[in-house]
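> Sharing a structure, written as structure tokens. Questions coming.
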Amino acid sequence: AVRREGAGSAMVARALWALLAALRAGWCLLPQSGYLHPDEFFQAPEVMAGDILNLQVYYPWEFLSSSPCRTVVFPLMTSGVTYWVIKSLQQLDICSSCINSYTLLVSPRLLFTTFSFILDYSVYRLAPFWGADPWKALVLLAGSYVTLVFYTRTFTNTLEGLLFALLMVLVSSRKSSGSSAEPTSSSLIGVITTAGFFNRPTFLAFALMPLLYWASLIVDSQKNIKTLINHFLKLILCACFTAIVFITADTFYFTSVSLDNLYSTNKSSLIDVIAQLHEKMVVTPFNFLSYNLNPHNLALHGSHPRVTHFTVNGVMLFGILHILAVGAGFKVLKKYVHQLMLVRWCYHRPPGLLVHSEGSPTLLLFYFVPLAFLSLFSHQEPRFLIPLILPLVLFSASPNRAVKWKLLLVLFNLLGALLFGCLHQGGLIPSLFHLEQLIHSPASSSHPRHYTLLFAHTYMPPRSLLNIKKTDMHVEVIDMAGSGEETLCQTVEQRASNFTCSDCHIFIIIPGTVRATITKCGVSFRNETLIFPHLSMEDPPQIPVLSSGNWRSQLGLYILELNRDH
């Protein structure tokens with residue numbers, strides 16, 4: 001009877017995981033309207049749309065040759081590949097209009113959504129090793145809004161989480177007999193660690209515990225010093241080779257170095273070529289660290305208390321699972337301190353917590369050690385912690401840790417998916433879709449028009465979604481960010497007074513919560529389009545207004561067309 005019950009619950013868990021996996025893929029294609037953070041566009045898709053599709057884009061400072069802080073390798077391998085595919089399909093006339101706002105948004109996201117199943121594979125592989133129930137862990141993973149929303153977006157943090165998962169798989173191997181296997185993946189560990197470091201230097205915080213665990217297994221299993229040295233040499237050599245690949249690619253991209261230029265009329269020797277390359281060498285992680293280790297620079301992006309990750313962001317991302325892990329962590333710490341005092345009193349040597357422990361205590365270290373290192377920096381955003389979902393679900397799915405609070409987990413993840421997947425800045429992407437269709441409508445094509453698009457109190461609009469070629473000068477995008485009333489009205493009035501051509505159109509895109517500000521600017525509008533829903537946390541709706549009949553306006557984004565006859 002117990003076996004039947006276990007088999008039945010496993011079947012239910014498999015069906016639930018399959019349903020959640022289908023939801024992940026389907027919601028990506030729908031697509032999700034929520035806009036989490038500008039970095040989901042401006043750290044890969046926006047840059048690649050400019051480089052590969054020759055579209056008008058905004059290049060962030062990290063990708064300028066004067067301040068290269070991001071490697072170009074991963075953007076090229078992800079968004080770059082998808083854009084190259086849709087460009088090729090259009091050039092081959094397989095798809096006459098492959099390049100549009102929908103494909104520009106969804107194609108990179110679809111690739112990341114496909115990659116997100118590396119997490120599921122890793123959980124399935126790792127669960128037996130760490131004593132967790134595989135299908136319970138998979139349901140916890142697939143049902144988390146972090147997986148449904150964050151892992152389907154084009155963040156470098158998403159890639160960081162996937163590389164962390166692969167690293168955990170490589171360091172956790174078990175023989176069929178059940179004992180730990182001798183680690184044989186030194187080369188791959190070196191490649192993944194270096195690739196993760198170039199993607200985001202903070203990857204070292206996540207890689208620390210897996211590398212220490214791997215090193216402890218190596219030392220524990222090797223009696224021959226020669227074999228021991230061989231493992232570490234393989235790791236170092238592969239890490240160096242991977243670093244050379246990244247440095248070479250970034251140097252060629254950011255300095256526009258070409259072999260034709262190097263072998264110029266002087267017919268430089270190979271030594272001269274190497275010297276020129278060395279002079280222009282770009283090492284993006286060092287530039288990244290140099291910038292981010294400066295407290296003044298971090299303050300420009302927002303400073304937070306050092307406990308923000310621990311007390312706020314962990315709860316915001318993982319809810320009750322984070323709280324339970326914190327409680328378990330304190331219990332383990334208390335027990336370990338007690339054992340440490342007892343062992344030192346009796347045997348005068350510390351107990352081994354890491355090397356011989358493969359269960360919950362070590363998983364808690366995999367979770368809290370990266371969190372502690374990331375907490376050393378004053379700039380703390382929730383997405384920085386998304387790689388930690390892997391050790392957390394493995395810890396939460398151990399057999400002796402029955403998943404309670406099921407209803408609370410479901411409600412928490414439903415709320416998170418609704419808030420971040422639909423509501424948060426949710427009108428901006430649909431507004432760009434609407435404007436792209438307007439700009440490329442047949443009427444606009446037959447009679448060229450000039451469009452001015454003024455965005456105020458929204459996140460930075462990804463210009464690539466407007467699908468405008470760099471050679472087209474008939475569209476101007478102005479990002480006013482969170483400008484005050486005086487600055488906003490001054491800009492609007494200035495544009496209104498410069499209505500010189502008969503085919504000029506000025507659109508103002510603004511949240512409903514600050515719609516009243518525009519009415520004070522003394523201008524009128526001939527068209528108003530309301531896009532629902534849109535929640536701006538920077539300009540949140542007031543509760544009394546939400547309870548009135550005007551709630552839809554407060555949770556919407558307006559596209560206002562300025563009246564020429566004003």
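Backbone N, Cα and C atoms are what each Cβ position is placed from, and that goes for glycine too.
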> From the ranges 119-144, 353-378, grab the one TrEMBL calls transmembrane segment.
353-378
> Report, as numbers and ranges, which residues of the same chain sit near the transmembrane segment (310-333): CB under 8 Å and 6 or more residues beyond its ends.
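Result: 140, 144, 146, 360-361, 364, 367-368, 371, 375, 380-382, 384-386, 388-389, 392-393, 395-396, 405, 408-409, 412-413, 416.
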> Ranking 197-219, 231-254, 407-433 by the number of C-beta pairs under 8 Å to the transmembrane segment (384-400), which range is first?
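Highest pair count goes to 197-219.
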